[in-house]
Amino acid sequence: MSRPRRRGRDIHGVLLLDKPQGLSSNDALQKVKRLYNANRAGHTGALDPLATGMLPICLGEATKFSQFLLDSDKRYRVIARLGQRTDTSDADGQIVQERPVSFTQAQLDAALDSFRGDIKQVPSMYSALKYQGKKLYEYARQGIEVPREARSITVYELQFIRWEGDELELEIHCSKGTYIRTITDDLGELLGCGAHVIYLRRLQVATYPTERMVTLEQLNELLEQAHRQEIAPAELLDPLLMPMDSPVENYPEVNLLPVVAGYVKQGQPVQVAGAPASGMVRITEGEERKFIGVGDIADDGRVAPRRLVVEYFD
């Protein structure tokens, strides 16, 4: 007879994990899920195993709003190795070409400027994007290259940090869907020497504060502390979570009377005085401004529910 699956906790919020190098985003997610004994968990945009930094992990009902973080801006610090190109565009791949580094600072400045603003980017074959239902990296590992369409991205800021010998360090603030490995590879080709990523750290996702990031080591230490003090781990771990509505905190708020919120919870659009004319809104209920979900402004001006928090249904 199979053993019944142990039920986890109904815990809701967002943990800003500082992902360590060498760990996949999914492995990091599973570790956090176990530490919190959470029923549900999901991350908001994978980091390569080589990369470190901010990986927001949504727990419970917060998973419904993870897409809004996938769509948000990101900020990275990257160090590129000049003179070498790899098949994956990072240090985890095989070197496929070596060339001398012979450009000038003026040439570097001009090359960097071409990557600022609205640009087109062809995703790497070593990415999780799909072609005919199969991930690109699965083709790449079989030595197969498939067509990829250039995608529109925005590089809001590309800051030169340092250039020492064969190392180039940059800070990049970019839109969703930007591959830093691809920017590095394309820059290396433009400079005529090739380049690949040897260090990558995600500094920020959306407007989340970097000082709220926590490591797996810190989480395990708190778990051990809870055991020593004979208290529930939740007492030490749960205060680290950002609110479940933090992925949508920048959307305009529409506050509803409880009786009106009742219609929204049943999936019905409602007319709200003073609501924005269009776009997404964050819906709250009553004087306590309890978060109940997000909605769209319909063509007729009503607030139509889009994603709702089930646990608040009566």
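Glycine is no exception: its Cβ is also placed from the backbone N, Cα and C atoms.
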Since Swiss-Prot lists HIS43, TYR76, TYR179 for substrate, which candidate among LEU15, LEU16, LEU200 does it give for that site as well?
-> LEU200
What Cα-Cα separation, expressed in whole Å, is found between TYR179 (substrate binding site) and ASP48 (active site, nucleophile)?
-> 11
Between ASP48 (active site, nucleophile) and LEU200 (substrate binding site): CA-CA distance (Å) = 9
Looking at substrate and its recorded binding residues HIS43, TYR76, TYR179, LEU200, figure out the farthest C-alpha pair and report it in angstrom, whole number.
-> 18
Same-chain residues at least 6 apart in sequence whose Cβ lies under 8 Å from HIS43 (substrate binding site) = SER25, ASN26, ALA28, LEU29, LEU55, PRO56, ILE57, CYS58, SER66
